[in-house]
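Visitor: Residues annotated as repeat 'WD' in TrEMBL: 141-170, 171-213, 215-256, 257-289, 319-353, 363-384. According to TrEMBL, the domain 'SOCS box' annotation covers 386-427.
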């Protein structure tokens, strides 16, 4: 069994550049368990980074300060290879420094229970709530509002003001662990929670956190959910082989995607909404055209790949997390074989790899130049994403696919090679 196909020489694969790490304080012996960083998250505007560092604690750190500490850039997200780089090994206790005037503050949030899910949300004043009597609401979110949702072990969801660290809402309806949270990208402050109680619940924070709908269909735990960039489609995955797609205007199921052979644990849409990446314990990441329910690309982590009957067995190649880079051309995956892999959608072999022990989750920064990975000991490691200049063709394809589905593209009177390129049949 190997991590790469025979046609690929591991020595020829690039090595991802390590930038730095955020460490948790040393813990007493009786607190060694429960320190997992189940989730890492970047604010949509790039202002904050958050991670669950175990024992009920969530850390909120200004992302600019992290970059400065890691000597990556000077207040901006920059990874100039020619600049001197001094890798910083930062302890999270150092985040108690009082910020200078005008700098965003850091926060340590005690959520009261183990934190499984994190999500940032920001409001757009022009985006109307689905609730009619909005003038009666307790909270009136402004343009500068930035919220953090935390999903807890006891089934509760707590909503915090990122800038003040104050608790705003306490949502209670789930009957088991809230495993994942995701906000609609359109600024409506619509929040979806995925739980071990086999349901997804939709909350309207502009309606004081009232629950809008319960989405049922999963037969077991729900691990992860993700919105499409236009907020019209929700993908959810869980302890089963199916990938669920939901219409978020009607709150109805669109279809199931079948192709995985074991539990599907992570999912994310591409920035243009044309592709969907899902990660599974069957050792694969599948890239789908979710509009047509077809598989476009399979990224394997075990060779030869296990047959379907053995795909659910114990192995050290379970894929724990997958993330789409904002450039639409790269994907990152975290697996149990102690590696982080950076993929290009144009290749079936990794573009770069990096060592990572006990990795659990990953997320790209808002600009896509840095990948954050959370581990079982509560620490976070940061890696520089492989960079290359996107072709004008790819940028035009992304612009078009943001507003057109696969079926709409196929209906265009254009040459077949161009149609295949725009629908990602030819990457």
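Heads up, residue numbers simply count up from 1 along the chain you see.
Every residue gets a Cβ built from N, Cα and C, even glycine.
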Visitor: Would you mind listing the long-range same-chain contacts of the repeat 'WD' (363-384), meaning Cβ under 8 Å and 6+ residues beyond its ends?
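Guide: Here the qualifying positions are 16-24, 35-46, 49, 51-54, 63, 66-67, 70, 72, 77-79, 323-327, 330, 332, 334, 340, 342, 354, 356-357.
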Visitor: Which residue counts does DSSP yield for the repeat 'WD' (141-170) in the helix, strand and coil classes, in that order?
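Guide: Within the repeat 'WD' (141-170) the tally stands at 0 helix, 17 strand, 13 coil.
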Visitor: Hey, which bits of the same chain come close to the repeat 'WD' (171-213), Cβ under 8 Å, at least six residues off its ends?
Guide: 39, 44, 116-124, 127-131, 134, 137-139, 141, 147, 149-153, 155-159, 219-227, 229-231, 234, 236, 238, 246, 248, 251
